[in-house]
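Enquirer: Pulled the feature table from TrEMBL, pasting it below:
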type: DOMAIN; residues: 59-501; note: domain 'Major facilitator superfamily (MFS) profile'
type: TRANSMEM; residues: 57-77; note: transmembrane segment
type: TRANSMEM; residues: 97-117; note: transmembrane segment
type: TRANSMEM; residues: 124-143; note: transmembrane segment
type: TRANSMEM; residues: 149-173; note: transmembrane segment
type: TRANSMEM; residues: 185-204; note: transmembrane segment
type: TRANSMEM; residues: 216-236; note: transmembrane segment
type: TRANSMEM; residues: 286-307; note: transmembrane segment
type: TRANSMEM; residues: 335-356; note: transmembrane segment
type: TRANSMEM; residues: 368-388; note: transmembrane segment
type: TRANSMEM; residues: 394-419; note: transmembrane segment
type: TRANSMEM; residues: 431-454; note: transmembrane segment
type: TRANSMEM; residues: 474-497; note: transmembrane segment
Amino acid sequence: MRWLFALGSMQNPSAHENTDLQPRVPHEEQNYGATAARVRRGPQVPVSRNSPAKRDYLIVGVLCYANLINFMDWFIVPGILLDIQKYFELRDEGAGLLQTVFILCYMLAAPFFGYLGDRYNRKVILGAGIFFWSAVTLGTSFISESYCWIFFLSRGLVGIGTASYSTVAPTIIADRFDEGKRTTMLSVFYICIPVGSGLGYVLASSMAHVTGDWHWAFRVTPCMGGLALVLLILLVPRRVQRRTEAHRALSIHGSSRVAAEKPGAQGDAKTSWCQDITSLGKNWSFVWSSLGLTAMAFVTGALGLWVPMFLYRAQVALGIVQQCLEKSCNSSNSLIFGGITIGTGILGVIAGAEAARRLRKTNSRADPLICATSMFVSSLCLYVAIMVAQKNILSTFIFIAFGELFLSVNWAVVTDILLYVVTPRRQSTAIALQILASHLLGDAGSPYLIGMISSAIQAKKDQSFQWSFCSLQYSFIICVFVGVFGGVFFLLTSFYIEEDRKEAEQL
């Protein structure tokens with residue numbers, strides 16, 4: 001989700017772009033995907049092929065580090081959900097609402113920051129966001145049990161802070177690299193989603209275990225956020241040159257073929273926010289892939305909050321562990337699930353990016369087809385994991401790992417789809433809209449919905465751990481159906497992606 005690539009002077013990362021070109025590609029050649037876009041014939045425009053400067057890689061490192069902290073903060077609560085649920089005496093419905101409040105605020109703030117990111121200094125926006133969410137997270141660690149509503153409010157404020165980062169940071173990476181390197185750098189950036197999520201579980205459960213108090217889990221990432229802010233100030237230039245329409249459609253052979261730009265062309269024209277929204281609404285590849293991402297978000301949001309609790313209840317029901325009556329409970333499930341999230345996330349993102357890179361050379365619809373296949377396989381694995389939990393916990397862990405692996409395949413691929421079907425001047429707005437839609441219909445409601453269904457099922461019988469496990473098990477089935485719908489949405493994307501890519505290249 002970013003501008004296509006940046007060709008700034010390597011000595012000065014914020015300098016104007018170098019447009020000295022060396023055309024080499026024959027007219028009849030065609031390439032596919034974000035790494036080798038198919039472009040229309042026209043006057044050849046030279047593209048600088050200088051290697052990225054070392055500072056570009058340092059900038060990516062800083063942004064990836066901050067993204068890691070971003071997602072650690074997302075998943076601190078799920079890592080110690082059992083402790084928080086006991087501390088504030090929350091039912092499943094209330095526990096699910098915690099994550100819903102966080103994501104709702106994140107979602108509603110995203111379009112605002114997308115608008116700012118397209119028009120104002122992005123470094124200032126990133127710095128303010130990191131400071132704000134780190135400060136609020138630290139404040140969360142001092143909330144007592146009599147102020148449950150403040151805890152909910154603080155999670156919402158953290159969501160607003162993280163929205164400023166997730167919307168703007170990827171566009172800076174896209175502005176520093178050409179298309180070949182860009183896909184690799186975006187893959188690294190998006191590996192931080194599962195790695196940060198997994199580390200959030202590990203950090204939360206480890207701090208609760210070591211200190212005997214879950215509040216300490218919220219006191220580590222603010223220190224890391226302070227370091228990220230210092231690195232941002234020192235290493236990221238105040239202004240990053242944005243992509244122009246002349247530097248587009250780079251082929252795998254290193255040259256570009258686009259129509260010569262004329263003064264006053266549409267590429268230089270300012271458009272209103274309403275015009276951007278209308279244009280994106282007519283882009284069916286963007287619409288269907290966003291709905292596919294929404295299904296992914298629904299499933300990952302529900303799994304992210306409830307899997308450690310589901311595994312704990314399954315173990316109690318099977319007699320493997322005893323019911324926790326202490327202030328700080330056994331956190332082994334959070335630790336294991338955090339490790340699974342990290343491992344499958346790294347492997348999945350790398351595998352997805354590599355599969356897309358290879359298959360794009362022979363199939364122009366490879367990206368959405370990869371996403372569709374991954375969603376179908378992931379849904380099957382999750383269904384098996386849910387069903388075998390009442391018999392074999394080890395098998396449940398294995399199938400959950402495979403389900404997460406195939407979900408992770410899609411992260412970088414979905415991002416790249418948006419990049420080459422949306423014109424650069426609308427990409428921050430497109431990112432913000434995709435965040436809004438995927439969270440509004442996805443993980444903003446799924447944790448609460450699972451908790452609400454579980455609480456409703458539990459109310460039908462007397463309270464018991466066997467029944468509390470079954471209620472959560474039945475609730476999880478909805479994730480399987482949503483995953484299948486996500487696969488269908490990506491299949492629909494494949495019908496429109498060639499046409500929308502061509503249109504984006506011609507604007």
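Every residue gets a Cβ built from N, Cα and C, even glycine.
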Enquirer: Which residues of the chain, 6 or more past the ends of the transmembrane segment (335-356), have a CB below 8 A from one of its CBs?
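Expert: Non-local partners: 33, 75, 79, 183-184, 187, 190-191, 193-195, 197-202, 205-206, 307-308, 311, 366-367, 370, 374, 397, 400-402, 404-413, 416.
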Enquirer: Restricting to CB pairs under 8 Å, which listed stretch, 97-117, 124-143, 185-204, 216-236, 474-497, is in contact most with the transmembrane segment (431-454)?
Expert: 97-117
Enquirer: Please determine whether the transmembrane segment (97-117) and the transmembrane segment (149-173) are in contact (criterion: at least three Cβ-Cβ distances under 8 Å, sequence separation 6 or more).
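Expert: Between the transmembrane segment (97-117) and the transmembrane segment (149-173), contact is present.
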Enquirer: How about long-range neighbours of the transmembrane segment (394-419): same chain, 6 or more residues beyond its ends, C-beta under 8 Å?
Expert: 1-2, 4, 33-34, 170, 174, 182-183, 186-187, 190, 193-194, 285-286, 289, 292-293, 296, 299-300, 303, 307, 311, 314, 336-337, 340-341, 343-345, 347-349, 351-353, 355-356, 367-368, 370-371, 374-375, 377-379, 381-382, 384-386, 388, 427, 430-431, 434, 493, 497
Enquirer: Which listed stretch (57-77, 124-143, 185-204, 216-236, 368-388) has the most C-beta pairs under 8 A with the transmembrane segment (149-173)?
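Expert: Looking only at 57-77, 124-143, 185-204, 216-236, 368-388, the most contacts with the transmembrane segment (149-173) come from 124-143.
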